[in-house]
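**Q** The annotation region 'Disordered' is assigned in TrEMBL to 1-34. Positions annotated as compositional bias 'Polar residues' by TrEMBL: 19-30. According to TrEMBL, the coiled coil annotation covers 92-131. Under the heading domain 'Nephrocystin 3-like N-terminal', TrEMBL lists 249-341. Under the heading repeat 'WD', TrEMBL lists 729-770, 772-813, 815-856, 858-899, 901-942, 944-985, 987-1028, 1030-1071, 1073-1114, 1159-1200, 1202-1243, 1245-1275 (among others).
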Amino acid sequence: MKKVKNTAKALFRSKPGTPRSTNPTQNVSTPVPGDAAVSSVQNIKKEEVALDVIDKGLVILNAVSGWFGPLEAVTGILSECIKTYMEVMDNKENFAKLMNDLAEEVQDLEKQRAENQSSEMKQIFEDLSKKLLTVLNETKQKQDLSVLQQVIQSGRIAQEVQQFFKDISQAYRNCKFKVLLIIARQNNEIYKSLIFDKLEPSLEAFHGAQIGGGKARDSCTPGTRKQIIKDIEDWAERTTDENMGIGFMLAQYSPAFAEELKEAIHKDPTSIVEPPGIQLEKLVVSCWHKVFKSHKLNLMTPVVVIDALDECRDISSVLEVLIPAIQKQELLGLKFLFTSRPEYCMQRHLKIKGPISEGSNVDRMFLHDVDESLVKADIIKYLNAQFKLSDLLISAEDIERLAKMSGKLFIFAATLVKFILDPDNTDLSEERLLEVLDLKQEPDKLQTQALDDLYTVVLENAFKNQTERGKKQSLKILHTVITVKEAIPHSVIADMLDVGITKVEGVISKLHSVLYVVDSDHSIYPLHASFSDYIMAKERTKEIFWCDEQMYHTMLSQACFRNMMEKLKFNIGEIPSSFVIDKDIPDGQNLKNIDQTLRYSCNYWPHHFWGSNLEQDIVKIWERFIEAKIIFWIEAMNLLQSIPQAYNSLQFLLESAILAERLPGKADFAQNYKLQEVLSTKQRDGMLANNISCKWVAISKDGKLIVSGQSDGTIIIWNVLRGKEVRKINGHIGDVNSVAISPDGSKIVSGSHDKTVRIWDTATGAQIRVSLQGHSNYVQSVAFSADGTKIVSGSADETVRIWDAATGAQIGEPLHGHSSWVLSVALSADGTKIVSGSADETVRIWDAATGAQIGQPLQGHSNYVQSVAFSVDGTKIVSGSDDQTVRIWNAATGAQIGEPLQGHNHWVQSVAFSADETKIVSGSSDNTVRIWDAATGAQIGEPLKGHSNFVWSVAFSPDGTKIVSGSVDKTVRIWDAVTGDEIREPLQGHSDYVQSVTFSTDGIKIVSGSDDTTVRIWDAATGTQIREPLQGHSDYVWSVALSADGTKIVSGSDDKTVRIWDAATGAQIGQPLQGHSNSVWSVAFSGDGTQIVSGSSDKTVRIWDAATGAQIGEPFQGHSSSVNSVVFSADGTKIVSGSDDQTIRIWDTATGAQIGKPLQGHSNFVLSVALSADGTQIVSGSADETIRIWDAAAGAQIREPLHGHSNWVRSVAFSADGTKIVSGSVDKTVRIWDAATGAQIREPLQGHTEYVWSVAFSADGGTIVSGSGDKTIRVQEVLTDDNCPVAQIDINKTWTLDDNGWVHFPHISDHGIVWIPPSFRPLLCRAQNPFIISKQGYTKIDFSDCVYGEEWTKCWPEN
């Protein structure tokens, strides 16, 4: 290396190149007048440009070589050599081109090197330096003055220069080739690790994947689709600020992305089995965003193609993540090409309809808009190319006729070729050609007609000369291929239909014109979706060929059940021990009992069962399966890593109205067949529940009735006060998209997928007159005028229509203007204006009398406008959009008022004004309802949560006090518009944080106080609530205490009062004890029950007469901040208090004087204090996360603080014998301490999922009670020693639950015994919990007969 460097420095040192003059005109000897002068000036300008290019090239050469000394030295000599040649080269333009090409080569090499550092790089570039030096040495000899003169004289300077650049460029190219080899090797290693270690990419996604018969997908026939391909290439090469992208293949394109992807999978291995949308978010969007920001990407923009979106499974969940990521510019540096048929789902996500906004980076192409002559010419080229490869002689005239028959459909032409040139029937090619030409299709026929006729000919030929029985069996095989949910091989079809595999193979081989078989797994696919459409449509195909979908679903569901009943069994994976995790079993061993047929049956029986006829025979088979094999099915699905699919399948059946309606006498089928238990679903409170997705809700003017439109075509009327269904209305034959109630409440209007508007009698549910017809597509929205005389409707046919509510007649012409679906309409209160929102992203205002559009469209939204509404006075309009915003508009000017209201993180589906116009409510696909201040645009309070799926409709009650919402989760919920709470009947159990708990002296009762403002009494043995809650406080109840004789309860509240209650009756005794000027944080009884002490945020301690409620003496003052905790000594002579001022103070009860100095030591708020029964010790808990024990007489701290909690210690208490201390903390744990030594006894008591606010001991010290922000009260038995007889005998007392949900037994192993799902953990009784007090109840597990390890199979009775 040193030699190379020194030689390079020496080269040309004595003869540097002559500097180029900076005067561009110095070589012009004499000005030439006229045209010659102009030409001279132009030549000078061209030379200036050329010289500029050369200068820039030299700068690039020097810049990219600085990282490596030897290369830098050689590059300096290379620059001098180039300058020498430049001076003697006449044609500067050609020289500049050579220089530019070299610079590009060098730049590309440098980019590859910079992105892919490797230990091999230095050796490669040292080789490059040596090669360049060799070339330069040879050049030096040629540039010797005498040689140079000879070259000039011989006129060969141009060739010499060209050879020089060729040699230099070749050296750089060879170097780049070596660099790319290293990169390819690195990529291959990463790629292999991704494929074989983690990911299982779909091999069919690769362009070159085989599609059967050893053939890969064909590219376009050369010379066809030229203009379309050029348009796509132009788009792909065009630089934009916002690009699109996705895909596993990005790992091949970018090593940096591959590394990031590998790291993401390493951090979260479960991401590769998540649903597609979540995979996309975690493995593509997030990884690409990180790599793009790191500037480690190639210069070329990758274009990822997803073909036939409408045929992809779960594509909606992918697009829901992908499209917002593109819009938010999280995938910069990528482009994405989609192809799809214009299904509604695709239209919504990709905005296929409507205009493209100016400046958009989205391009759109409709193949049916391509000029027919261009398509015909392409098809002729395609046909010529295909027939040229065969022995069939076909005339140009016949080619022309075939192209004419194909119209614009390439699939027609492709099917023609496959049918005519069947490789298994080459002797029939001429006959089949004549048969096709005899179809005599005209170009003006319906597009599908020609294709249908061709498919008919294909099938007739395939089944020609078969007996009726043979034809039926062949069709049975074909129809099975078309009906199955996932492509399956010959063997599975044979198993499902109970026929020989050779029969299946024979039938499929005759249908290669319309089916293909993948070589890798022999799965059978239709060549094109149009064939499935044809054979499933009774009106398009011959009756003999028609596939009765319901019949085949019935047959296939029977086959699935038969397979599962025969093959599913306990421990089908033959797992040897409960301690062995599935993933630790060698590949495939646990699946050896699950063949392809059983795999298909397990995955897709719900799909076929749902589509079956649901008659008695199939229902009985289903019942037997659920009863006998459902658990084994779940076990098999777990081994197949398909538990999410199993859950979704059962949930789908559970939600299916079709099943509920069609199963005779099985309305509550979910309960009857135990699907509820399998899914662990819970009954929800406080909502109007039904079994169908609710698409729209409206509330009557008097606020007493709610009407909801359902996805099954029904309308339901609900009683608001009772939350009960009043009436169900049937009539529509499609989803009910919108409903409205007339102002007098007597009528309901509805709009449906069936393209009709219907009016109903609210009282009887009867339809009033015939349906209002006129719309040619879905009716998306309906509304009454304020006087009830008119109805307005908006439709997917892009029009708004006005109807006479009395006669049903349409008033005037439809309102035209929108360029896409009208999704929402509303009328102003005075009936003079109509507002509409559309998928074209605009809001429009119309004159209700004339139908004319008023002003320009209101623009601002960047996605579909899903909902619009007028304010009551008609001056404002509110709109909600798929762009996740709510906007307010001036109805007179059309100007947007203020900024968009932002907060929702998904589509805004519905908006409404309150009657007083001060609030706006919105419902969204993020499952929340939000309330906004109409004046400021600020969100009021937290989102209203409760719905478990999209909120499609919201409305205010007329008085503005209530909000009603309807959701895809099949519920209608009523909310308090002020508090945001759900309105429901009183429930048993606290509905908010439990702030304080205590035991009665005899230990038989527990008293709790809560943020729900109630005090409740519970049976300590059973956990049941004793009588109704003690109600009276108007704010949070912070503290409760029982008198020693158990007859009275005292409570302190945020409402600044202390209240005394009769423990037997629950009645309040006397008036509230008033005097504190702020929240009462703590209350306690004296030992004899005659006095009550209270501590408050007003910094005082007060004593009260328990009999009269009168305050005794003056408040105790001394604390400089809130008093959080107070307690009497056992003899009642002293009071101890703890405060936010970080001190503890002892007071004389009789005089109110402070005894001694404050007890200091805590470094943060003192939140709780307690006295031992003998009065000698004080314990305190603090926000400094410590517990301290104090000598009550001396005021000194005893030993070091007790450490263990990781957050504020909210509550402390002594056991009755003074030997133990219990503490509860914001860290969600309860801990027990030895009062003598300060040591923690056993592990923390866990189970609470929120802060622990209060703890207490029972009188015998054997039980602890704790109250928490998770709204539960846990009762825990105290075991102080793992070696005690109880612990050794009863495993139910000693098991533990780790943070990942695994139950562990002591002294057995480190392995978990059983895993508890997250949803069960908050209300799971732990080993020390006899029960939990909660409005949702609790879960308890008995481990007495638990078997585990290699004995685990004994859990099944048959074993």
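Cβ atoms here come from the backbone N, Cα and C positions, even for glycine.
Locate each feature and note its surroundings.
**A** On the 0 to 100 pLDDT scale, the model's mean across the coiled coil (92-131) is 71.
Here the repeat 'WD' (729-770) is broken down by DSSP into helix, strand and coil counts: 0 helix, 19 strand, 23 coil.
The residues of the repeat 'WD' (772-813), classed with DSSP into helix (H, G, I), strand (E, B) and coil, number 0 helix, 22 strand, 20 coil.
Beyond its flanks by at least six residues, the repeat 'WD' (815-856) meets 347-348, 351, 353-355, 357, 777-778, 780-787, 790, 792-796, 798-802, 862-870, 872-874, 877, 879, 881, 889, 891, 893-894 of its own chain at Cβ-Cβ distances under 8 Å.
Residues 327, 348, 351, 357, 821, 823-830, 832-833, 835-839, 841-845, 905-913, 915-917, 920, 922, 924, 932, 934, 936-937 of the same chain, all 6+ positions outside the repeat 'WD' (858-899), place their C-beta atoms under 8 angstroms from a C-beta of that stretch.
Long-range contacts of the repeat 'WD' (901-942) within the same chain: residues 863-864, 866-873, 876, 878-882, 884-888, 948-956, 958-960, 963, 965, 967, 969, 975, 977, 979-980, each at least 6 residues beyond the stretch ends and with a Cβ under 8 Å from a Cβ of the stretch.
Listed by sequence, the residues of this chain that lie at least six past the ends of the repeat 'WD' (1073-1114) yet keep a Cβ under 8 A from its Cβ atoms are 1035-1036, 1038-1045, 1047-1048, 1050-1054, 1056-1060, 1120-1132, 1135, 1137, 1139, 1147, 1149, 1152.
Nonlocal intrachain contacts for the repeat 'WD' (1159-1200), taken as residues 6+ away from its ends with a CB within less than 8 angstroms of a stretch CB, comprise 1124-1131, 1134, 1136-1140, 1142-1146, 1206-1214, 1216-1218, 1221, 1223, 1225, 1233, 1235, 1238.
Among residues of the same chain six or more beyond the repeat 'WD' (1202-1243), those with a C-beta under 8 A of the stretch's C-beta atoms are 1164-1165, 1167-1174, 1176-1177, 1179-1183, 1185-1189, 1249-1257, 1259-1261, 1264, 1266, 1268, 1274, 1276, 1278-1282, 1296.
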**Q** In the repeat 'WD' (1030-1071), how many residues does DSSP assign to helix, to strand and to coil?
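**A** The composition, in the requested order, is 0 helix, 20 strand, 22 coil.
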